[in-house]
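Taken from Swiss-Prot as is:
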- 1-37: region 'Disordered' (REGION)
- 15-26: compositional bias 'Low complexity' (COMPBIAS)
- 69-79: motif ''HIGH' region' (MOTIF)
- 643-647: motif ''KMSKS' region' (MOTIF)
- K646: ATP binding site (BINDING)
Amino acid sequence: MYGTIAAKPHAGPVNAASSSASANNSPQENRYDPSALEQRWRARWKDQGLDTTETESSKPGFFALSMFPYPSGSLHMGHVRNYVITDVIARVQRMRGDSVLHPMGWDAFGLPAENAAIERNIDPGEWTDRNIDQMRNQLDRLGLSIDWDREQATCHSDYYRWTQWLFLELLEGGLAYRKNATVNWDPVDQTVLANEQVDADGRSWRSGALVEQRQLNQWFLRITDYAEALLNDLDKLKGWPERVRTMQANWIGRSEGAEITFQVTGSSQQSITVFTTRPDTLSGASYVVLAPEHQLVDGLTTEEHLASVDQFRKQVARLSTIERTSDERPKQGVATGACVTNPLTGEQLPVWIADYVLADYGTGAVMGVPAHDQRDIQFAKANALPIRQVIDAEGAKEAIDAGKAWTEAGTLINSGVFDGQPSNQGKGSITSHGETAGWATSKVTYRLRDWLISRQRYWGCPIPVIHCPTCGVVPVPRDDLPVELPRGIDLSGKGGSPLSQQSDWVNVSCPCCGGAAKRETDTMDTFMCSSWYFLRFADPHNTDQPFSKEAVRRWLPVKQYVGGIEHAILHLLYSRFFTKALRDRGLIDIDEPFERLLTQGMVQAITYRNPITGKYIATADVSDPNDPLDPTTGDKLEVLFEKMSKSKYNGVDPAAVIDRYGADTARMFILFKAPPEKDLEWDDADVEGQFRFLQRLWRLVENASSTLTDLNSTGCPADLTDQEADVRRALHLAIDAVSDDLNGEIQLNTAISELMKLSNTITSSGPDRLRPPILQEALSGLIRLLAPFAPHIAEEFWSRLGGDGSVHQQSWPSVDPSALIQDTISIVIQVKGKVRGSIQAPADADKATLESMALSSDVANKWLEGATPKRVIVVPGKLVNLVP
C-alpha cells in the first residue's frame, strides 16, 4: 500500500487547456494544466521521432545510460530518480551538439518472475511481458527522451541468443569451465547462490532462507584471470566515485606474501602448502589448519581422530561461507592427529581442521600464529595451543598477554638468525631464505573467486552445451542458437532445475557423434545477461552478431552511467570483466565499459515504528504526527526516514504524484531536493513548492507573450538601462553556473536553484519594462536552461513565445563574457569583523578609493559615531573592515 501525498490541496488546474499553443499565439486557457499539456507534447515528440538516435551523424557520440530495471510491473520513486537524472544529462548533451544514445531495456530473467509465476499459476514470460508493457507506459509519462526503437529484454530469445553466443566465446577462450564445488544452496528457492548473494547473516539475498552448503557440478567463469587487470584499471576510472572503486578493490582483495611448504611428519611424500601475508611470523607458528574439505584430510587423520573429524565435517557442511568467516562467530575445529615440521625452526606442529578455513581460498590451509593474528589467538586459547611472541614493540607483550594479538610492525625476536630485523624487512628476508632452501615461494593472491553462473531454475538463459557420454561437453553449434526455453511447462518451484524434468527438451542428439545426449539443464545467473547489454544497445538490430566493432567504437564506452551503489560489486565488476574478456577475444576494442558513473542516493520517506514490537504503523493511522502513538498499544512511536517500502507504509506512488502535479513537477522535485548522490527525503510540501515555481514561470511567460511575437533576438542594444544590464548579467551568470553544474560532478539541485534565481530577477524587473531584445534573450535562455529538467512545460513556453522548432533541438545557451562585466559592485562594510552594511563602489576602485568611500558612508557614521578607526583593512572587490 502506498503512502499519501500532498497533505494540503494545491491551487492546481481546474480547466484543461485543450489545444497546443502555436507560433502565432492563439488565445488559450490561462491556467497551467500539466495533464493535458504533457500528454499533448509527448504525442508530438513521438510523431516527430524527436528521441530517435542519429546513427549516421558526424556529431560526437554520447551514450547516456541508466541501469536497466527488473520489470516488476510497478515504477517506484527510486526508478524515477535514476531515469530522470540520466534524462537530464542526455537532453543537455543533445543541446550541446552531441548525437545522444539514450536507450532502455529490461533485466527480465530471474527468480522473482519464476516465483510470481508459481504463485499465480501463469507463464513467467507472459507475466514478464505484461509487466514490461505496464512499466514502459509508466516511464513514458515521465517525459524521458528514450529511443524505444533500441529496447531490449533479456528474456526474449532475440537477445539471449547472443548471451549464449558470448558464453560459447568464453568457453572457446577457456574462460568458462565446470567443476565440482561446495556451493551456497538456497533451500527455499532451490538454487545455487554466488557468495555475493548471501548476506552477513548467512541468508539468501532474495528468499531470506538460511543458506546450506552442497557439492554440485557447476559452471564458472574465470574472472580471477583478470583480477590484476580489474584492480589496476580502477585507476583509469577517474569519473567513478572513490567509494565504488574502493569497494571493488577490497572485493578483489590483492594480497602479497609467500607460499610455505610444511612437510608432514613421518612422510617424505606428503606436505601442506600454506599462503601467508606474514612470513615474518613463521617462527611463531604453533599449528597448521586445513579446511574441513581439504583433499589431504582423509589421508592425514589418524584412526583415533576419525570419528571426531567426521562429525565436525558434517557440522561444518551446514554452515554458509559467510557464517564460517564471520568475525562475530567463535572459531571451532578438531585435531587430525597428524603433525608437520616448521621449515624454519624444525619444530613439530599439530595439524587441525577448522571452520574458518575455506578450501577454495588460497591453498585451503593456513599456519596458526596466535600471538600475531586475532583469529588465531582466539582459536589457540580455545584449544590450549601454544602462543609464542616473535615481534617485539612497545605494548606488544601486554596486548598478547591480555588476549589481543599484536598485528603491527616491530622487531623480530625468537626468530633465530633473523632476530633484531624490522618485521617488515623480515618478510622479505625469511621468504628469500625459504626460496633458497626450497620451502617458500613469493606469491600474490586475490580474495576474488571465480564467478559461479549455474542456476537450478527455469527462468534464465539456457546454457548452450550438450552432455554426450562419448564426446563429453559439446557446445551447441552457433547456427542452432538460440537454445530456447520450453514454454508452458509446469513449475513446481521445487526439486532442482525444472528443465531437467522436460524430457522432450533435454534429450537430443550429440552434434559431434549423433548419439543420444542431453542438454545442460542449468540456466545462467541473470548477471550474465546484464554484463553486456550496454554493448547490444549500440547495435540492437544486428542479426549476424551481438554487435559490430564499428557500432561499439561509435558509442562505447558509456559516457555517463547512472545507478545504485548496491551494484558496486556484482553488476559493475562483472561488466568490467566481460568487457576485458570480449576485448581479448577480438570482439571489441575498449578496456572499460563505463567512463563516468553516478550512484544516486535512495529515496526515503517518513516511517512510524513501534520500538517495542518492531511493527510499522501507516501514516494514515497516526492521529497526531507531532506526538505519534501506536493506535493499538498507545506506545510512543519512533519517527525515521527510511527507504520507501510497501512493508513500511511509506511508499509514494509516482503515478499519483504525476496525476496530481504533472511529470515536470515530479522531475523538478526529485532533482532539486538533494544532490544526486545523496539520499533524498520525501516531503509533500517541497513537491508543492516545485509546482508553485512552475506556476510562477507560467505567469511570467503569459505576461511576456503579450509583448513578444518570437524568440529571435535582434541583438543586444548598446544603451542598456541598469535594469536591463542586471537581467543580462543574471542570465549569463545562470548559464555559466548551470553549465558548470552539469559538468564534472553533476549537481542538478544547485542548477535548479540558479533557474529560480534567474526567473526571480526577470520577474522582479518586470517583463513590460524590458525592451523586446532583452526580454527575448532572457526568456530564450531561461527556457533552454529549463528544458532538460522540465521538458513539457519548456516546450510549451517555447511554442507560446514563437520559438522555431522544438526547444529540445536548440543549442545550449553560451555565456557572453561582456554581460558579466559590472560598472559597480557591492562592497561589504564590517566593523570589528562584523558585517554592518554595504556600499556600491566602482568595480575597478582601488584600496584608497574604497577606504575613503567606506569612511564617508552612512554605515561608518552609524557604527563609529564619529570616532576615527585605528585600522582599516581593505580587500578590493569584496569588503572594508573598520577597526575602532
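Including glycine, each Cβ sits where the backbone N, Cα and C put it.
When pLDDT is averaged over the motif ''KMSKS' region' (643-647), the result is 79.
Other Cβ atoms within 10 Å of the Cβ of the residue listed as 'ATP binding site' number 12 in total over all chains. The secondary structure of the residue listed as 'ATP binding site', as reduced to three states from DSSP, is helical. The DSSP breakdown of the motif ''HIGH' region' (69-79), given as helix, strand and coil counts, is 3 helix, 0 strand, 8 coil.
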